[in-house]
Every structure is written in C-alpha cells, then in structure tokens.
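S.K.: TrEMBL feature annotations, pasted as is:
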type     : residues                       : note
ACT_SITE : Cys2                           : active site, for GATase activity
BINDING  : Asp98                          : L-glutamine binding site
BINDING  : Leu231, Val267, Ser341, Gly342 : ATP binding site
DOMAIN   : 2-185                          : domain 'Glutamine amidotransferase type-2'
SITE     : Glu343                         : site 'Important for beta-aspartyl-AMP intermediate formation'
Amino acid sequence: MCGILAVLGCSDDSQAKRVRVLELSRRLKHRGPDWSGLYQHGDCYLTHQRLAIVDPASGDQPLYNENKKIVVTVNGEIYNHEELRSRLSNHKFWTGSDCDVIAHLYEEYGENFVDMLDGMFSFVLLDTRDNSFLAARDAIGITSLYIGWGLDGSVWISSELKGLHDECEHFEVFPPGHLYSSKTGSLRRWYNPPWFSEAIPSTPYDPLVLRRAFENAVIKRLMTDVPFGVLLSGGLDSSLVASITSRYLAGTKAAKQWGAQLHSFCVGLEGSPDLKAAKEVADYLGTVHHEFHFTVQDGIDAIEDVIYHIETYDVTTIRASTPMFLMSRKIKSLGVKMVISGEGSDEVFGGYLYFHKAPNKEEFHRETCRKIKALHQYDCLRANKATSAWGLEARVPFLDKEFINVAMSIDPEWKMIKPDEGRIEKWILRRAFDDEEHPYLPKHILYRQKEQFSDGVGYSWIDGLKAHAEQHVTDKMMLNAEHIFPHNTPTTKEAYYYRMIFERFFPQNSARLTVPGGASVACSTATAVAWDASWSKNLDPSGRAATGVHNSAYEKHLPKGNVSSKIIDNVPLTNGASAPELIIRS
C-alpha cells in the first residue's frame with residue numbers, strides 16, 4: 001500500500017510550504033518505502049510514497065497524461081488496467097503502472113470514469129488546465145483515506161490521519177464508494193450496487209456460479225511483479241484463498257518471475273491450535289509455510305505502535321491488529337511485499353456467531369449489508385494499516401466488486417444457518433468448493449464447524465491485555481470517564497487505556513469522531529442487538545456475549561498460553577464462539 005497526501009488551494013506556493021508538505025508526506029513513508037514523489041502546481045501539492053508492486057522500474061508517481069496537464073497520485077491496484085488500456089488505444093502512456101490509466105480515463109470520460117475501475121484504490125487527480133481536482137476511494141474502503149479542511153480554504157486528502165491532523169481545522173473519514181469534486185465542493189456516491197439499498201434478492205443459489213466468481217476474484221489478484229504469498233490460518237476462508245492461489249499460480253507472470261510454489265504465512269502464540277491447523281492445510285497444498293510465534297508480552301509492548309499506525313481506539317480492532325502488525329514485520333523481512341488475505345467473508349455470508357439468531361432471511365440479509373458498509377471502519381482498517389505499517393500490501397478477494405455482486409444477489413434463505421438441515425455457517429461457500437473429482441481442500445477442513453471455544457484459544461491474549469490495562473487505569477479514573485471522554489465513553493479499563501494512547505497521538509476532536517462506537521454483541525451492528533433480548537444486558541463485542549448460541553463452548557478450558565492469535569480472516573472460530581476480538585481465523 002502506498003501513501004498519498006494532497007494539499008489543494010492552500011494560498012501558499014512558497015518554498016517553506018513545499019518543505020512542510022514534504023515533512024508531512026514523510027509521516028506516510030512506512031506505507032511506501034520505495035520512492036517519494038511531489039508535484040507542485042501553484043498552491044496545489046500532490047505527494048506520493050510508493051510501495052512498488054507493479055512495474056517497479058518506471059511506475060513512480062505522481063503520474064500524468066500525455067501532455068502532463070492532468071496529474072494523479074494513487075494508492076492501490078487497478079486489476080483491469082490492461083482492458084482499460086485497450087479502450088484507450090489512442091493515448092500514450094508514460095509507464096507500465098496499472099494506475100497509469102486513471103489520468104487518461106479522466107481525459108476521455110471526465111469525472112464519471114471511477115466505476116470503470118476494478119480494484120482497490122484511493123487517488124487525487126489535479127487538472128491543471130482549470131485547477132480543478134477530483135478525489136475518490138474504492139467501493140468498500142479497502143484503502144484508507146481521510147479528507148480535511150484548513151482555515152486558509154485548503155482541502156487536504158491523506159491516506160492516514162497523521163498526514164493532516166495537525167494542519168486541518170476539521171477532518172473526517174473519506175467515505176468508501178464516493179468521490180469529491182472541487183467543481184461542486186462536495187462528496188457524491190459513485191458506487192451504487194443493487195445490494196446497497198438492502199432490498200431482498202431472489203436469485204437462486206448456483207454453487208458453480210459462486211465458485212467461479214470467487215476464483216476469478218483470487219486470480220485477478222495474482223497481478224504482481226514482486227514476491228508475494230498468502231495469509232493462512234487453517235480455517236475455511238484463508239484456506240480457500242490459498243487453495244485457489246496454489247491451483248492457478250502456475251503459468252502466471254508472477255510464477256515465471258518468482259516460481260510456482262506458493263508461500264504461506266501464519267502467526268500465533270507457541271502451541272496455538274491455529275498454527276497446527278494452518279500447517280495441515282499448507283502440507284496438503286504443498287506451500288512453503290512460514291510460522292511466526294509471539295508472546296503476550298511482545299503484543300503488549302507493541303500496543304502504542306499499533307494504535308499510532310492503525311489510528312483507532314476501538315478495542316476489538318486493536319486486539320486483532322496487534323498480531324497482524326507483528327506478523328507483517330516478519331513477512332516483510334523475508335522480502336515479500338504483497339499478501340492475499342481472507343477478510344470480508346463473514347460480512348458477505350453472515351458467518352459471525354450472532355447470525356445464528358437472525359429471525360428471518362430479510363433481517364439476515366440487511367445485517368450483511370450493514371456489515372459490508374461498515375467494513376472500512378474495522379477489518380479493512382486493520383488489514384490495510386497493520387500491513388502497510390511495514391510496507392506490505394494486503395489484497396482481499398472476498399471484497400471484489402464483482403464477487404460481492406454475485407454473493408449478495410443470492411436469495412438469503414440459502415445463507416441462513418440451519419444446523420438441523422446440516423447447513424452450518426457459510427454453508428453456501430463450503431458447498432461451492434466441495435469438488436469430489438478435484439478437491440480444493442480435505443472435507444474435514446472444508447466443513448470444519450465451530451470448535452469448542454475457551455479462554456485457552458484466544459482469550460489468554462485478551463486476558464493479558466486486560467491485566468495490563470488494570471495496572472494503568474484506576475477505579476477512580478473510570479468514575480470520571482464520561483467527563484474526560486464524553487464521546488464514545490470507554491466502559492472498561494482496557495478501552496480507557498487505549499483511548500489515552502490514541503488521544504496522545506491524535507488529540508483533535510475530529511480525530512476521535514473518526515472512530516465508530518455504539519452497542520454491539522459478538523461484532524454485530526447495533527440493530528442486530530435486538531435479535532435476542534438477553535444481549536442488550538450483556539453488550540460486548542466479544543463472541544462470548546452471544547449467549548444462548550453455543551454455551552458449551554466455554555465449559556472446557558485449555559492450559560494458559562495455548563492461545564491462538566491468528567488474525568488472517570476476521571472470521572469466527574469453529575463450533576463454538578466467535579473470536580472477533582482477537583482472532584481471527586475462518
């Protein structure tokens with residue numbers, strides 16, 4: 001993931017301002033350690049910190065059209081860039097970068113080209129012919145982006161808060177699926193898929209259609225000119241990603257450059273069952289498997305760095321981000337610059353524990369819609385920033401635009417969890433890849449149900465965090481919490497501890513408003529809390545709060561230290577409680 005920072009219309013074209021913009025851009029250097037670029041046109045500045053994935057030799061940014069009147073700085077990957085280039089045969093391209101098409105598409109189609117892009121992206125485009133500019137963010141918000149306004153009339157766009165929070169009077173999250181045009185001075189939605197209205201779909205379930213859609217989503221993400229791998233937790237989603245990648249890697253440009261044997265990565269505390277599960281899948285697929293261990297103390301020591309990079313005080317996000325943050329550093333040390341991951345499956349298919357209590361297919365579907373719309377505040381934020389903190393890019397095929405359209409058009413009756421009919425969580429995804437002749441995964445992995453869950457599988461890590469917070473936050477401090485933090489008041493010492501760190505890095509009111517809040521049980525939205533009357537009395541984002549679903553999951557306990565910290569898929573664990581707080585394996 002690259003880092004972009006744009007300062008537009010600041011009424012200052014001095015050398016001192018240029019130096020300040022460069023200084024702020026360097027705060028994003030961790031995202032793109034391969035090259036730094038800055039373009040200035042009067043009082044408009046476009047900067048770029050590059051992580052070179054496609055065309056490392058000539059794809060440095062900013063990028064231009066033929067006469068260099070249109071300038072663009074981009075973070076992301078455009079998977080259909082070759083198809084788009086073919087539509088622009090009368091245009092001259094300066095580089096082989098996938099992002100080079102953006103300036104030319106604007107030249108050809110104006111502001112209405114954004115929906116033509118298939119990929120993950122955020123960009124700022126400056127048209128020097130009339131000094132207008134355009135900024136946009138991908139459909140789901142896989143890439144992070146913020147917008148701010150200065151007292152001098154300037155507009156700021158940055159990949160991270162730290163690029164603009166000291167300079168803007170007000171700033172906020174740039175919403176996914178939107179574009180900002182200086183011609184109107186406002187945001188408008190460019191992404192309007194059928195599912196966004198939350199109308200109930202009725203397309204019959206066709207397993208082969210779903211299978212092919214996901215295979216295509218994975219295959220297009222093999223576009224790379226640098227070494228890559230997959231994040232593998234041993235659960236359903238990451239295992240499917242690894243299986244498809246391994247199956248189709250041979251014959252690709254990436255295989256010719258870096259070899260056809262796939263590398264896989266996982267992280268966990270010593271003895272974690274997830275590490276064992278991941279190795280089993282890796283052995284079955286024949287990947288070169290890399291297993292990383294960390295201790296609870298390692299995680300605690302990294303908390304401040306995690307909050308600085310992830311830019312949130314949300315408890316579940318911080319718990320889940322920490323192991324991923326540690327793993328990303330290890331992966332980058334091996335020379336790998338891109339990984340494919342499994343985020344998004346639970347949101348699309350309703351795989352979280354609390355979906356057991358969905359009262360009907362209509363509510364089930366609406367909740368999946370709400371969850372997808374909120375991904376940019378949670379899992380996408382974690383996956384993007386935990387990896388980019390170390391100059392690593394994460395690609396997420398479950399959030400492919402075309403795949404989401406297919407999956408969200410299926411009659412939600414097929415997604416409903418019906419144990420008495422043998423339909424467990426994400427049954428339609430499992431069934432789609434149940435191929436007797438050419439199996440993707442062993443049956444017991446493909447249909448692995450929710451395992452018994454206990455404090456020994458994930459919550460020793462959480463218990464360690466709670467104990468650490470207990471040492472730093474007193475009962476007296478908690479009594480004043482609503483006065484110190486009136487917005488999203490922390491209700492636990494752990495939340496208070498994270499909030500103190502966040503406010504030290506980002507003290508502005510605008511910063512605290514970028515973090516979501518509200519009632520949640522087992523990672524639900526506030527609306528779904530009403531599905532079970534008992535949940536409103538036990539509000540907690542942990543899966544343990546979803547009482548009445550798999551109570552037996554907490555009756556057995558593994559020894560302390562036997563803790564999984566897989567953070568690959570952000571999916572519930574199997575046959576018991578979900579572990580959205582930490583874990584996060586499919």
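A Cβ is built for glycine as well, from the same backbone N, Cα and C atoms used for every other residue.
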S.K.: Which site among Asp98, Glu343 has the most other CB atoms no more than 10 Å from its CB, taking these as recorded positions?
M.R.: Glu343
S.K.: Among Cys2, Asp98, Glu343, these being the recorded positions, pick the one whose CA is nearest to that of Leu231 (ATP binding site).
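M.R.: Sorting the recorded positions by distance from Leu231 (ATP binding site), the top entry is Glu343.
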S.K.: About how far apart, in whole Å, are the alpha carbons (Cα) of Gly342 (ATP binding site) and Asp98 (L-glutamine binding site)?
M.R.: 23
S.K.: Do me a favour and check the Cα-Cα span between Cys2 (active site, for GATase activity) and the residue listed as 'L-glutamine binding site'; whole Å is fine.
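M.R.: That separation, Cα to Cα, works out to 13 Å.
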S.K.: Cα of Glu343 (site 'Important for beta-aspartyl-AMP intermediate formation') to Cα of Val267 (ATP binding site): how many Å, rounded?
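M.R.: Computed Cα spacing between Glu343 (site 'Important for beta-aspartyl-AMP intermediate formation') and Val267 (ATP binding site) is 16 Å.
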S.K.: Between Ser341 (ATP binding site) and Asp98 (L-glutamine binding site), what is the CA-CA distance rounded to a whole number of Å?
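M.R.: That separation, Cα to Cα, works out to 21 Å.
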